[in-house]
Amino acid sequence: MNAARTGYRVFSANSTAACTELAKRITERLGAELGKSVVYQETNGETRVEIQESVRGQDIFIIQTIPRDVNTAVMELLIMAYALKTACARNIIGVIPYFPYSKQSKMRKRGSIVCKLLASMLAKAGLTHIITMDLHQKEIQGFFSFPVDNLRASPFLLQYIQEEIPNYRNAVIVAKSPDAAKRAQSYAERLRLGLAVIHGEAQCAEMDMDDGRHSPPMVKNATVHPGLELPLMMAKEKPPITVVGDVGGRIAIIVDDIIDDVESFVAAAEILKERGAYRIYVMATHGILSAEAPRLIEESSIDEVVVTNTVPHEVQKLQCPKIKTVDISLILSEAIRRIHNGESMAYLFRNITVDD
């Protein structure tokens, strides 16, 4: 890749090894140096950021991966963006491969849409643009008052399937719940493979969460016109577990955008084994793996878990050889180069559809 012109800097928003490593990969591809800054925690628990070079009039790209300590990472990003804003940076672009709180983008019970709040906070801190990957809900882009480029990791994962999975032509793409069916269908159509969907008790809990709001309370003494009686919504009842599609004697490839609830993938793998699948892969963009995840994966019927490096998971990878990583620094560095040079981003979205 050709080095971008002067007038931009790339900073790492935290000092963790994973974030620094991703930032170094990106700057190496760009032929640039990593910006000088210090991010650390005070003894009183506060986050402090110091920018150690001039950024006046430059385009600044902040790389921020989201480790298990999500709130600290968010504060690091906000404080660094604000520090760069007050230092007169021309544009401040956040490169946030996994956007935090993306699962809280819908109203649940008497909660709040936290993702919308975070979007407002980032704008207030000084960000003018965001580069991210595979938002949990594509509608999240509408929460922002500035441009958001939602890149896709699927080309990298599709390439991995074709190059690293032996006899992948004998595979079937599996959605572990009906809400993942569109993503799975996209993979199946591009690879010219069959599709299977797991439905029933193993389906995603997010689909079945009731609203939970029952207020205002019923007014006992009010007179209600007989013609105004409202029909009540029927309660949901999950059907018995079913696999729609044939996986017998096949390689099963479960695809999703996020792996955070490892137990649900383990349960799906057990079901597929019972239905005759002889090898099981799990593929996702974001591997948000808990401390227990390596043990659960190692003891399960899953043969391999493939995720990208949008989220740090090096410790879990050392504990479980089944976990494999696909590097996506290439597309992030190309996005940075194009944005800084004012080039079209269309090349990065070739053949991408709304279901990808």
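From the backbone N, Cα and C atoms, a Cβ is placed for every residue, glycine too.
Annotated features in Swiss-Prot:
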MOD_RES   M1  N-acetylmethionine
MOD_RES   S177  phosphoserine
MOD_RES   S215  phosphoserine
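Every protein chain considered, the tally of other Cβ atoms within 10 Å of the Cβ of S177 (phosphoserine) stands at 20. In this structure, S177 (phosphoserine) belongs to neither helix nor strand by DSSP; it is coil.
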